[in-house]
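TrEMBL has this to say about the protein:
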TRANSMEM  A:59-81  transmembrane segment
TRANSMEM  A:87-108  transmembrane segment
TRANSMEM  A:129-146  transmembrane segment
TRANSMEM  A:166-184  transmembrane segment
TRANSMEM  A:196-215  transmembrane segment
TRANSMEM  A:264-282  transmembrane segment
TRANSMEM  A:302-323  transmembrane segment
TRANSMEM  A:350-379  transmembrane segment
TRANSMEM  A:400-418  transmembrane segment
TRANSMEM  A:424-445  transmembrane segment
TRANSMEM  A:457-478  transmembrane segment
TRANSMEM  A:510-527  transmembrane segment
Amino acid sequence: MINLVTAETAKYGSPTLNIAIFAIFVAVTLGIVIKVAAGKKTAGEYYTAGGAFSGKQNGIAIAGDYLSAASFLGIAGAIALQGYDGFLYSIGFLVAWLVALLLVAELMRNTGRFTMADVLSYRLRQRPVRIAVSCSVLAVSFFYLLAQMAGAGGLVSLLLGVSGEAAQNLVIAVVGVVMVLYVLIGGMKGTTWVQIIKAILLIFAAFIMSVWVLAKYGFNISSLFQGAVDTTAASANAKTAANAEHLLTPGLKYGLNMTTKIDFISLSLALVLGTAGLPHVLQRFYTVPTSKQARKSVEWAIWLIGGFYLLTLTIGFGAGALVGPDKIAAAPGKANAAAPLLAYELGGSVLLGVVAGIAFATILAVVAGLTITSSATFAHDLYKEVFKKGKTTQEAEVRVARIAALAIGAVAIFGGMFAKSQNIAFLVALAFAVAASANLPTILYSLFWKRFNTRGALWSIYGGLLSSIILIFFSPVVSGKPADPKTGLSASMITDPSIDFHWFPLDNPGLISIPLAFFLGWLGSVTSKEFDAGKYAEMEVRSLTGHGVAEALEH
Amino acid sequence: MSVNPTTTSEAYQAVQASEEFQTLRKKFRSFVFPTTAFFLAWYFLYVLLSIFAPKFMGTKVFGNITIGLIFGLGQFVTTFVITFIYARWANRQFDPLADAIGRRLDGGTEH
């Protein structure tokens, strides 16, 4: 079995070429990072590049941040294997951006400087709120980080032709070290440039692949779908073959029974409300000078992300048609291998090498963004505002941020080694669920509800954070999924089928934890009398008019 | 370092209570809240139909193009259209009002 897998792996592309392309990307981007951003930095430069990017640049960088390995490789694979249901999944990721555009981006830009906690603690009691927000920011970023690092480990076996434990760990360590270099040398400015370059490469490669696939089917999308159905119907696996015509109709993944159906509603809710609560996405709004540029950023991000998911639709069905479910299922990395295998099918080793390089770059760039956000939370919220009560120098703050970045790099590397066999999509869904439960209710309340106060914020943040994590812990993703008849292993995180402590039926906690967090925010607020009319007026006037943003930038 | 006198909280409260600001606030909310309600409802309609009416969504309209696919592409279209309309509205209708109020708070002094 092991030999078969290795033989299968070795057939795809040239590991040397893949490594070479990745190394070139790292060398070029590191060169750029050093050129644009080396040297000593103020806190503003380190966290937010001094707010000096344009809306268009930031929009491209947001797309780079958002089109992570999970959404590029994961969605293409889901469409290749589950057709319509994979497509359905991608739509939630896009529609979510309207929440950011209409309700969050501009108002956050106008009221905050460096971190999410700046906005949430604006008119509330600083210390308790900053501590609570820091907990949820770090939790969300940690799960997202693990997902990316797990993705790196999974990709290696496919792209470098190695499947050994040690080799995967080595690659995770390399990704971690390079990422820390970007962050330490370049700060937010360097990281943003890496995101921009990566986003352009990724979208360009996806565009070439889509056009190539469509050209093979006479630019007729209906024939492409037929191709995927035909290839799937010819599968050696009878069960897969029987599903062929269901590729074009809903239900292959989420329509099995009532539990999977409700689970999908729960996932959809988390996706659509989670995006605008992801700390590393919110942090990006501070890299532009004004709310108008923040608006422009989101406009650009929506065009690029939407366009990219449309390309993913053809890439996914293209992989289903030209590579086929059997090869995808046999490849190391399974569904995540669909897009790279399609690249190999179309353009041989060279295109595979390019896609592989971009996939690694994607992980690198996203992890760097997460690290900046988390280190800003440590240095700005916990060290400066909570621990030093605002009395510290810029130098000390930036030094703490850099030390935090190093520590987060270490956590990412070891966490990634531990999590590399975990399902990436699950980890990402977890991050979205926690973001939608612990962050978004407080963001919306503090921007839009006059009566909101500290108790409401604390109940909502801690309630959302704990309920989502506890529900996941007792859900089938952690234990108790039925054992696979072939391997005897459970599909849960704990693969031993005899260990089963789940009592929550859904994989996704959002359906319970998001409404609960909104409810707790309301309940906490109405049971507390705290209200600061002056601060409320200041926050509301600033959030809508942008007054005071220019002054804040001059510091 | 900024040498601007910091705007006092009384000044902010005065602006907040002013008619212009209340109009601005109302204008903003009466655009974004209904739009948000619309796109969330439209998105969940699509999700619920996909989940609970797979036969209907799987109906082929022409070739292999199903109703569900058209609905799904419709989600892309509405997202793009809302983005476009909002940006136009904000640039033309909202910004001039918001900027005017912001300038008045500065007491007309540019910096």
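The backbone N, Cα and C atoms fix where each Cβ goes, and this holds for glycine too.
Counting Cβ pairs under 8 Å to the transmembrane segment (A:400-418), the top-ranked stretch among A:129-146, A:196-215, A:264-282, A:457-478 is A:129-146. Contact between the transmembrane segment (A:166-184) and the transmembrane segment (A:350-379) is supported: at least 3 Cβ pairs lie under 8 Å, counting only residues 6 or more apart in sequence. If you look at the transmembrane segment (A:424-445) against the transmembrane segment (A:196-215), you find fewer than three C-beta pairs under 8 angstroms, all six or more positions apart, and that falls short of contact. Contact between the transmembrane segment (A:350-379) and the transmembrane segment (A:510-527) does not hold: fewer than three of their C-beta pairs are under 8 Å, each pair 6 or more apart in sequence. Under the criterion of 3 or more C-beta pairs below 8 Å, with sequence separation of 6 or more, the transmembrane segment (A:457-478) and the transmembrane segment (A:196-215) do not qualify as touching, having fewer than 3 such pairs. Within the same chain, the transmembrane segment (A:59-81) packs against the transmembrane segment (A:264-282): three or more Cβ pairs sit under 8 Å, each pair at least 6 residues apart. The transmembrane segment (A:129-146) shares more Cβ pairs under 8 Å with A:264-282 than with any other stretch in the list A:87-108, A:196-215, A:264-282, A:302-323, A:510-527.
Segment contact is absent for the transmembrane segment (A:87-108) and the transmembrane segment (A:510-527), given fewer than three CB pairs below 8 angstroms at sequence separation of 6 or more. Three or more CB pairs closer than 8 A are found between the transmembrane segment (A:510-527) and the transmembrane segment (A:264-282), so contact between the two stretches is assigned (pairs 6 or more residues apart).
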